[in-house]
Amino acid sequence: MLTWLRVLSDWIWQDRLWFPAGLGWANLKDRDGQVFAKGRDLWVIFPIAVCFLIIRQIFERTVAVQLASLLRVREKPRVRAAPNTTLESYFCNASKFPSQSSVEELTKQSACSVRQVQRWFRRRRNQERPSQIKKFREACWRFTFYVLAFIAGLGALIDKPWFYDMEEMWNGFPTLPLLPSQYWYYMIELGFYISLLFSVATDVKRKDFKEQIVHHVATILLISFSWLVNYIRAGTLIMLVHDASDYLLESAKMFNYAGWRKTCNYIFILFAAVFILTRLVILPFWIIHTTWVYPLTLYPPFFGFYFFNGLLFVLQCLHIFWAGLILRMAIKFLPGNVCIPKPNHHRVVSWTEIEPSPEPYTTLHHHHHLNLSKTIY
């Protein structure tokens, strides 16, 4: 069995799959005082992820709670569903949204009217909606990480030639010495994304939950692979581009939960502009162009080349998906647009509820809760 695994490992990691012809893992051995990225370095991301989970719990229970109080985040009172074992059993074991025929059957079993059953399920679903405080704490934690990560990434790249001329990311490949700033930028980003996967069960679940999982997994694979084969210069640029807009969305969420509608609107419009610029312009036309087109002028294509760019295209498809949601949302924030409420406005459609300020718009009876998916990454 061990022999079979060793043979499989040797086949998977053979030089010709991951490097251009004539280059390989031997080129990434430390020498002459130069240190190169190694696969075993990635084990440190797991204790870092655990540390992030611990720090997050402390942060959300102290700093985030205090900030929520400072911004006067208030929880709206909720009417609790009356105890009913029959309806509770159906709610927990069958469905939270019973069909009309199921409602009629439940009326016979529970001795309630159709309206009472429908009201009970509506209130019971409302009880399980995450509280404003919980959503604020989650957004506050992510905002803090993303803004610090963006500042740190900018500090690590601002004096590097490949920050200004992206073709420089291939100068000397694959024998690109590892810098301490690159090491910590990678490990911290990877540790954070691993911690997001660990906490996904307890975080507020949005409609784009599956897209988020795909995004996190693709990001982790992309960052890890770029580390293994020393695409580190490209990897740091990709991480910086993703961090550039994420903190703006999280801050818009925070102000939305606090009821600062105008501030939320302005930050969201800024976020939409930065997102479009970084994810739909800089990433595809600068970075992906430099990882997909320019290397072909230096080396013949190889499997690692296709694998790396394939992961980038997966992320780009998710960016296009989210950009459509963001643009629809941003248009509703522009002055002169009408906010039309939809009948089922209690359903959590996606990652957050961002409601436009009433002053610049014509509203009908009550404000429609608009919902948006967060990007990455």
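Keep in mind that glycine also has a Cβ here, set from the backbone N, Cα and C atoms.
Note that the coordinates shown come from a computational prediction; the quantities given were computed from them, not determined experimentally.
Residues annotated as transmembrane segment in TrEMBL: 42-59 (among others). Distant neighbours of the transmembrane segment (42-59): 140-141, 144, 187-188, 190-192, 194-195, 198-199, 224, 227-228; these residues of the same chain sit at least 6 beyond its ends, with a Cβ under 8 Å from one of its Cβ atoms.
Among the features that TrEMBL reports, domain 'Homeobox' is placed at 70-131. Across the domain 'Homeobox' (70-131), mean pLDDT in this model comes to 81.
Under DSSP, the residues of the DNA-binding region (72-132) split into helix, strand and coil as follows: 36 helix, 0 strand, 25 coil. Residues or ranges marked as DNA-binding region in TrEMBL: 72-132.
Positions annotated as domain 'TLC' by TrEMBL: 134-335.
TrEMBL lists 143-163 (among others) with the feature transmembrane segment.
Marked as transmembrane segment by TrEMBL: 183-201 (among others). Tertiary neighbourhood of the transmembrane segment (183-201): same-chain residues 37, 41-42, 44-46, 48-53, 56, 145, 149, 152-153, 156, 209, 212-213, 216-217, 219-220, 223-224, 227, 232, 235-236, 239, 377, selected by CB-CB distance under 8 Å and a gap of 6+ residues from either end.
Annotated transmembrane segment per TrEMBL: 264-287 (among others), in sequence order.
As annotated by TrEMBL, transmembrane segment applies to 307-327 (among others).
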